[in-house]
Structures are given as structure tokens and as C-alpha cells.
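Student: Please find one structure pasted underneath; my questions will follow.
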Amino acid sequence: MLARKGLIPEEFLLTRLAEDSSHTLYRPKARKARFVAKNGACNVAHKNIREQGRFLQDVFTTMVDLKWHHSLLIFTMTFICSWMLFAMAWWLIAFAHGDLGPRRSSFVPCVTNIQSFTSAFLFSIEVQVTIGFGGRMVTEQCPLAITVLIIQNISGLIINAVMLGCIFMKTAQANRRAETLIFSKHAVIACRDGKYRLMFRVGDLRKSMIISASIKIQIVKKTTTPEGEIIPISQVDIQVENPVGTNSIFLVSPLIVSHTIDEKSPLYTYSAYDLCNQDLEVVAILEGVVETTGITTQARTSYLPEEIVWGHRFVPIVTEEEGSYSVDYSKFGNTVKVHGPLCSAKDLANGKYHGHPKNGPYTKPLKKRRMETQESEKAGKEHVTENQSNDSDN
């Protein structure tokens, strides 16, 4: 989501290389479709909607939600149909009044210079868009023509207002501002202050701030209730802890948002090896008000188990230069490996981890631990065999 086309210079695309998933130690099994895409789009298809009329009850929102080519087609057809409809009305008025027949010297038509449907169509366009070339005009001979003129003017104003409002809302949609709210491609889990923390980085590329910004994290997974009910998409809110201390954030510079994995966390019993086999998704939601427009915007992303790197930490990207702070976005998603435990937070809290006491909760490398375990088991078996042979000799 960071390297959107046209938003960041090419040199900032180094983040993609730094965020390469090749450093991920665990390759989980293939997962089904994700709930929220990396760019924030919700991967949900709505099918078999029988009450389609509900969309027509809110025509304005429906038109704003349409794609641009559909909206432009509707706009064009709306104007053409209205011009054609009133052109037919003007032609009928001229036909009924006898304006299309031979002209007498003292005859005053309802609308001057209308001899055919084509000229009536041109007059309809002039009335509705207020061009006024001056070749055609309404006279006081026909009250009905004056009434149609008033109706067409009001209808044209309503159509213009609706169409301009739709275009404005489509160009100023909140998701456009969300394009410059970025998340790190990977999340990390590492020890901080003696506790596991799930962390990811969020930033804003624009200088205009997001007012009253808040962030929320959810765990989305398939669950089964004690009664046997299967919930395909279970959304569980988890506590967010950021440098400010609450869900509200002051997003002037990129921040590392974290979640402490404690007894209340759904990740409390997962070790580094358990997490990669879990069918879950961590969804991050950032909300706030755009300072320049006052429109509420929302940016979203998600992290699958293979996108959560265990035992890594984000590198600092904010430095002080000549009395001001500088942010290096080329290192936005860069992480550095740290030595830490691979056990679950529950085992860490209970002291069930491997490692030397001098290193606190830090653990030995996995291969070394496996070798030590195999050697101890082998030594134990040899000791048992030796005791059995001594008993048989006795």
C-alpha cells in the first residue's frame, strides 16, 4: 500500500525491496481469500439481493457509488433526454399554434424561427443551458409556451445541481484522501518491556493533518461456538497501544502502533510456530477527519500470518536535521532482526521458555535447541539401556 503509483518517487520504492517477505522464517499453508486487501478494499461480494428497489430510494448515493464511465453515461443521457423531451414540447406548441405553416405578414408565432423539430431541439438546448444566441425567442402570444419555459428552466437547474453534486462528491470522496495514509507491508512481533507486542507502522504522506485520528485493530477468523455454531467471519476487537497511550493518535510523523499480547489477547496462546498455521487476519483501521475538507476518511489494511514477522523490530526513520525533524520514507517498512523468545506469551509469562537466565526471556536458536533436545533424549535412552543391562547381569 505504500508504493502506490504516482504518489511516491521512484527512490522510495526501495521499501518494497526492504519489505520483501524472503526474510520470513515461516511458510504457512495456503490460505483462503482475505477479508480486507492490502489496499483497504473489502473482499466481500454481495449476491442474490432481491430488494433492488432500495438502491433507487437513495439515487444520489447510488450515482456517487457508480463507476466513472457509468456516471458519465448517465449524465450524458440525462441531458440529452431532457433536451429531447422539451424539444418535443416546443415542436407541439409550434405545430398547434400554426407556426410551422406559411407565415403571414401580421402573424406572430409563439417561438420565433422554429420551422422543424431540429430548430425546436436547438431552442430547447438554448433555454436549458441559457446560451441565448438570439435567433429564437418566446413571444407573449402563447401562455403555454411561457409555462413550458419556466418548467424547463427549473428542471435544468435541478439536473445541473444534481449532476454537479455527484461529480463533486465523486472527486472529493473520503477514500481519495486515504490513498496517502500508508501502513507497513509487514507487522512484527517482538518483546518490548518484557512483553510480546504486535506492532505495525502507520504514516501520512501529506502535510495537511488528519484531525481526531484514531486507530482500531480487529482479529478476523473462523470460530466455532460451544453450541457447535460456525461463525465464518468472527471480528474481535483488540486493545491498541500507541505512543500517545490511547486509540487517538497525533499523526504528524509515522508512528508504530502496538498491541500488547496479554491474557485478554486472542494471540496469547500462539507461539511463533502456532501462528503460522492459524487461519486468521489482523485488520487495522485508521479513521479521522480531513483537515482541509472536513470529510471523515478511513484507511484500512490487513496482515495475514505470513505477513507477521516474529522476532523483528522496525528501524527508526525520524531524525533531527538543522532544527527540524526529517522522515525517511525509504525505510518506512524496514525491520531488523532481534533475538527473542519464540514461545507463546502464555509460556513467557509462566517462565516456560528456553534460554540462559542472564539473557532474561530470550531464547536460543531453534536448531540449537532441537540438537540439545535430541542429544538429551539420546543420552537418556543410553542411560536406561545401560541400567537394564546391569540388572540382567545381576
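Yeah, the Cβs are placed from backbone N, Cα and C, and that goes for glycine too.
The compositional bias 'Basic and acidic residues' annotation in TrEMBL covers 371-385. The feature domain 'Potassium channel inwardly rectifying transmembrane' is assigned by TrEMBL to 36-173. Under the heading domain 'Inward rectifier potassium channel C-terminal', TrEMBL lists 181-350. For 349-394, the entry in TrEMBL reads region 'Disordered'. The transmembrane segment annotation in TrEMBL covers 72-95, 145-168.
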Student: Can you tell me which parts of the same chain pack against the transmembrane segment (72-95), counting only residues 6+ beyond its ends and a CB-CB cutoff under 8 A?
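Tutor: Result: 63, 66, 109-111, 114, 116-117, 120-121, 123-125, 127-128, 142, 144-145, 148, 152, 155-156, 159, 163, 166-167.
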Student: Quick one: mean pLDDT on the domain 'Inward rectifier potassium channel C-terminal' (181-350)?
Tutor: 86
Student: Per DSSP, what is the residue tally for the domain 'Potassium channel inwardly rectifying transmembrane' (36-173) in helix, strand and coil?
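Tutor: Counting residues per DSSP class in the domain 'Potassium channel inwardly rectifying transmembrane' (36-173), I get 83 helix, 4 strand, 51 coil.
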